[in-house]
Structures are given as structure tokens and as C-alpha cells.
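I have placed the structure first, in the form of C-alpha cells, so that the comments after it can refer back to it.
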Amino acid sequence: MMGVQICQGMMSEIPFFSPPPQFSYMMNKNIRLHTDSNIRNTFFTDIGIGISANSLLLLFNIFKLTRGQRSRLTDLPIGLLSLINLLMLLMAAFIATDTFISWKGWDDIICKFLVYLYRTFRGLSLCTSCLLSVLQAIILSPRSSCLAKFKHKPPHHISCAILSLSVLYMFIGSHLLVSIIATPNLTTNDFIHVTQSCSILPMSYLMQCMFSTLLAIRDVFLISLMVLSTWYMVALLCRHRKQTRHLQGTSLSPKASPEQRATRSILMLMSLFVLMSVFDSIVCSSRTMYLNDPISYSIQLFMVHIYATVSPFVFIVTEKHIVNFLRSVCEGDECLNIH
């Protein structure tokens, strides 16, 4: 039973996917999803909020770059994460139209293009979040730490790492360019549905297990790296607080430094990511145990995009320099002339 769940876990990377054993049951539910206006409206509202928030965060990083302000080591990954989440949500919105809206459908090229890009952006979002956590741990590390030597690395090193990971993830998901097709016949049981128009060619149990194992190794490695870097940052913050109280007295509460505020925002982001990953795994397992219950299916549709929707708000709310920068832009353009 555990082996079946692991092999089926591969398809949780693709939205609206139904594992083969419950194909007929889930297919009928998918066809009728467009008639449920509550699920459709809630889903697109969630996607719309995420697109708006990530667009705002991306614009801030672009303005900061064009104005020549001093950038931090984490600025590039934060801007990249907002861009990746923005593109992923746009792909999810396009894919959702083929599930929630009844229409003529797509051809092979559109199916391959949308599902492949969505899969790639989801992987890059995970990778960039991990990179962001590690970089913040490097920034916070003391001079005596072995991580301190990475603090002054040129920005192009980060760009090369991101580019290499992008190529790697594009290669990992390249099998979708072959296996994803336009559904030739809605009544056949030979294809596994992704949406109403798109299906994935059936794979052997061995191939499913192989891809599932590779994806599981990737996810476990990156999430473990995030957890370790998060634990390291928490330990450093606790030690810093104890030292500050010892030197200045417990009656004083010194203002948090920009590095500490940035670290707290990263900690919030990583905690959210880990919680959403665990919750998504639980819901995915419940779908397998309870024959793809439509309630669990609907919950997974929303939960899979919560991180991409909420993450920009974490930076916007906790990063004081974002508010100050936007305020300075408005003052420069005389948009705050309130008498």
C-alpha cells in the first residue's frame, strides 16, 4: 500500500490529476466541476490575489534594480521567486479553465506547453525557496563560521546556480513533452486525465516508481536543506538575543536589525512552505485511501497554490525597506501631497 502511494505521489506535481485505479470515478467528477460556481469562483479569486501580490513584489525589485539602490544577497532570489510564482499561477489559471469551464478544448501543443511549464515552475519555486533559506543563513552566520566565506561571493555566482538549476528542472520534466497529449476520446480508459482536454499516456508501474523515487529524493533533499538552514537561523537568533540581553540588560528591547527582520520573514516563509508541503501530502494520501473523494480533491486544488499566493505578502508586510522604498517613490513623484 505504501509503495502504491509513493508511486502515485508523482502525479501530485500536476494539478487536476487522477491516479489510474479511480479513473472512471474521478473523470465524471472532473467533467462536472465547471457547474460548481463556488469552487470555481474561490479558486480563481485565490489565483487572482496571488498574481496581484507577486506582481507588486516583482515590480518593487525591478524598481530597486533600476534606481541603483544597494542590493542584498537575497534580493535576486526574492525577485526570482516572485517571478516564478507569478508565472506558475498564470499557468495554473490557464489549466484551470479547462477544468472549470466547458469549452472545445486544446490540442497537443497547448497541453504539452502548459503542463510542462507548470511542472517546471513548481520545481523552480521549491528550489528557489531552498536557495533563499540557505542564503539568509549565510548572511546571518558569524565571521567564525565556515559559511562566512560565502558572504562576499559575486552576484553572478548566484545567477549561474539559478540558471543551472533551471536547466536541470527543465530536463527533469521533459518526459511530459512526450507523455502529455490531447484526449482523443473522453470515453476511453487507456488515458489518465489531467484536465478535460489533456491526458497523460499510461506508464508502467516500474516507470511510475522510478519517477516517483527521483521526485521524492529531490523533495526530501531540498526540504531537509530548508529545515536545517531554518534551524540554524533560529539558533543564531536565540544566541544573539541572549547576548544582547546580557550586555544591555533585560529592561531594554533593542530594535531589530534589517538582517534580523529579513531572517524572520524567511523563517515565516519556510515554515509556511513546510506546512503546506506536509498538508498537501496528507490530502494526497487521503485521496488515495478514500477513492479520490471530491472534497479532498477540491481541497488539494486550493492548497497547492497557497504558498505561491501568500509568500509575497510575507515579504511585503515584514520587510520595512519595501514600504520605505514605495513611499520614497511616491514622494519623488509628488503622489503623497496631502494637505
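Note that Cβ sites are derived from N, Cα and C of the backbone, with glycine treated the same way.
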Looking at the disulfide bonds in Swiss-Prot, identify which of C160, C198, C209 pairs up with C111.
C198
Check for me, if you would, whether the transmembrane segment (214-234) reaches the transmembrane segment (120-140) - at least 3 Cβ pairs under 8 Å, residues 6 or more apart in sequence.
yes
Quick one: give me the count of other CB atoms within 10 A of the CB of C198 (disulfide bond).
26
Composition by DSSP (helix, strand, coil) of residues within the topological domain 'Extracellular' (97-119):
16 helix, 0 strand, 7 coil
